[in-house]
Amino acid sequence: SERPKRVFNIYWNVPTFMCHQYGLYFDEVTNFNIKHNSKDDFQGDKISIFYDPGEFPALLPLKEGNYKIRNGGVPQEGNITIHLQRFIENLDKTYPNRNFNGIGVIDFERWRPIFRQNWGNMMIHKKFSIDLVRNEHPFWDKKMIELEASKRFEKYARLFMEETLKLAKKTRKQADWGYYGYPYCFNMSPNNLVPDCDATAMLENDKMSWLFNNQNVLLPSVYIRHELTPDQRVGLVQGRVKEAVRISNNLKHSPKVLSYWWYVYQDDTNTFLTETDVKKTFQEIAINGGDGIIIWGSSSDVNSLSKCKRLREYLLTVLGPITVNVTETVN
């Protein structure tokens with residue numbers, strides 16, 4: 001099915017309100033065809049991101065490899081009632097407007113609902129889940145234990161993510177909701193230095209229609225790394241946008257695809273993207289069927305006067321003019 005033709009929108013999701021204390025304002029953002037929360041609020045009318053909201057079960061790292069168990073530590077041990085209650089409290093406190101009709105982003109990155117995908121600093125949730133089953137069934141073989149752990153984890157991970165999304169939609173009906181980063185692609189990773197997504201991940205994305213069916217917007221992340229060649233940077237964006245568009249095309253309601261994009265290199269956060277990298281990555285998002293871009297920034301990008309000045313200068317001279325060009329060309 002062909003996706004509906006939509007206006008290509010670019011959003012400002014940068015905590016530039018932190019620059020107000022230095023007498024620096026970012027009122028020009030809107031001049032560049034960028035949707036900008038009124039008063040430069042970080043949680044605002046156009047876009048609101050909620051970091052680790054509620055009380056998702058998680059193992060929170062402490063020093064020396066220890067961790068704190070939050071709400072059972074893993075989804076199959078968690079109390080969903082407590083989580084959902086806290087989730088609504090968080091939303092009401094952070095952005096109380098129940099008529100919110102912008103983009104609502106749930107940013108939860110402690111674990112992923114596909115058991116296999118919990119590697120790196122998420123691996124701890126896998127290990128914890130396996131240990132739980134092993135303690136219960138000490139005589140089972142390794143494979144059986146892992147299978148059971150995976151089954152339990154995925155069942156309840158789905159429950160937590162799905163119910164959270166449904167509740168967000170129920171209490172903020174007019175907003176477009178989605179989880180940051182999904183669908184994942186795992187392209188341009190050390191083991192997969194190609195534009196195409198990891199084949200297994202694509203199959204797993206197909207199994208996650210329960211999530212994407214409930215999202216009005218898909219929010220793949222296309223932050224790029226300096227260590228990649230310029231062509232690889234473009235390839236990273238291409239693969240991730242294509243996969244999100246593929247998922248959207250397979251859904252009846254064809255959710256919008258808005259790519260999360262950061263103006264610095266992920267592995268070199270003191271360096272702004274070159275003009276060429278900005279142009280090429282923006283074009284790549286548009287060419288591959290994306291419906292827009294969310295320009296993201298970290299609080300540590302704007303925590304001093306000099307950083308605020310640099311970002312403002314970059315917006316006025318590099319980023320702004322390119323966003324105008326891209327939005328006008330595409331629309």
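Positions of Cβ are set from backbone N, Cα and C atoms, glycine also.
If you compare Asn187, Asn325 in Swiss-Prot, the N-linked glycosylation site annotation sits on Asn325. Listed in Swiss-Prot as the disulfide partner of Cys308, from the options Cys19, Cys185, is Cys19. Local packing around the Cβ, expressed as the count of other Cβ atoms within 10 angstroms, is greatest for Asn325 among the glycosylation sites Asn79, Asn325. Per Cα geometry, Cys185 is the residue among the disulfide-bonded residues Cys19, Cys185, Cys308 nearest to Asn79 (N-linked glycosylation site). Cys308 (disulfide bond) is 36 Å away from Cys197 (disulfide bond) when you measure Cα to Cα.
A distance of 33 Å separates the Cα atom of Glu109 (active site, proton donor) from that of Asn325 (N-linked glycosylation site). Fewest other C-beta atoms within 10 Å: among the disulfide-bonded residues Cys19, Cys185, that description fits Cys19. Between Cys185 (disulfide bond) and Asn325 (N-linked glycosylation site), the C-alpha separation comes to 28 Å.
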